[in-house]
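Asks: Here's a structure for you.
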Amino acid sequence: MLLILPVHRCRDVEHGTNCLQAEHRIPISKDVITSSSASAMWFIRDVCGIVCAVITWLLVLYAEFVVLFVMLLPSKNLTYSIVNGTLFNTLAFLALASHLRAMCTDPGAVPKGNATKEYIESLQLKPGQVVYKCPKCCSIKPDRAHHCSVCKRCIRKMDHHCPWVNNCVGENNQKYFVLFTMYIALISLHALLMVVFHFLYCFEDDWTKCSSFSPPATVILLILLCFEGLLFLIFTSVMFGTQVHSICTDETGIEQLKKEERRWAKKTKWMNMRAVFGHPFSLLWFSPFSTPDHGKAETYQYVV
């Protein structure tokens with residue numbers, strides 16, 4: 001099925017001696033534009049993104065410290081401590097693992113600088129046919145791909161660039177970003193519930209017996225955790241809902257922001273979910289260690 005080129009995309013066209021001019025568009029296999037470094041480690045050297053990623057880990061570790069050493073270990077109820085400690089640590093581990101996968105996974109970068117005349121000639125195109133290229137990174141640009149000024153690459157199905165994971169959210173790592181927001185929201189909710197129960201317990205009992213820290217220090221630590229948990233619960237819940245809605249409608253954040261006209265086939269919500277999390281449905285959908293099987297890859301096809 002051929003897709004019509006959106007008018008606004010023509011602004012990316014420019015003439016150059018090393019890159020092919022873009023006037024018409026032709027079917028291009030996804031394999032041609034897949035990043036050649038898909039199996040290599042991916043890491044963006046952006047100072048702001050690295051700082052935000054480190055802050056994310058430090059905040060999770062702070063929550064871990066308060067939950068364990070202020071609320072659970074001093075508790076007299078061993079069953080309560082074991083159950084909540086196991087649950088919180090499991091969710092925290094999955095959240096950090098999802099963050100690491102989202103940060104170190106190639107989001108779907110298009111090979112940089114491959115839109116040269118020599119390379120296009122090797123594709124043996126028909127006379128008069130040329131491919132669309134990005135003038136910023138000089139690459140063959142597939143439909144629904146956008147150029148990221150931070151990553152300095154064109155990213156397939158780019159949703160947005162997130163400094164908290166120091167990476168773009170795109171075709172290959174959207175699953176891990178969704179899991180990251182989900183698990184952060186869950187541990188934030190769990191921490192808030194434990195803070196409430198701990199305050200109620202301390203009010204009924206002697207404050208000196210409900211924590212190994214002094215009462216003022218305990219109150220300050222719990223208030224800070226409560227503030228952190230509430231802030232991240234709201235933020236990640238909104239992000240999680242936004243991402244799920246984006247997946248179900250098969251429309252990325254950038255496409256919604258730019259109000260780009262839909263030029264791709266419409267699928268059911270369930271098909272869109274499986275396209276991101278893998279075929280078929282299984283518990284591996286919720287595992288950051290499982291690479292989703294996207295099914296049979298579709299080809300990118302363009303025409304003017």
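Including glycine, each Cβ sits where the backbone N, Cα and C put it.
All annotation found in TrEMBL is predicted automatically rather than curated by experts.
The transmembrane segment annotation in TrEMBL covers 47-72, 78-97, 176-201, 213-235. Per TrEMBL, domain 'Palmitoyltransferase DHHC' is recorded for 133-259.
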Asks: Mean pLDDT for the domain 'Palmitoyltransferase DHHC' (133-259), as a whole number?
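Replies: Mean pLDDT, the domain 'Palmitoyltransferase DHHC' (133-259): 90.
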Asks: Sequence-remote contacts (6 or more beyond its ends) of the transmembrane segment (213-235), Cβ cut-off under 8 Å?
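Replies: Residues 59, 62-63, 66-67, 69-71, 184-185, 188-189, 191-192, 195, 198-199, 202, 207 contact the transmembrane segment (213-235) from elsewhere in the chain.
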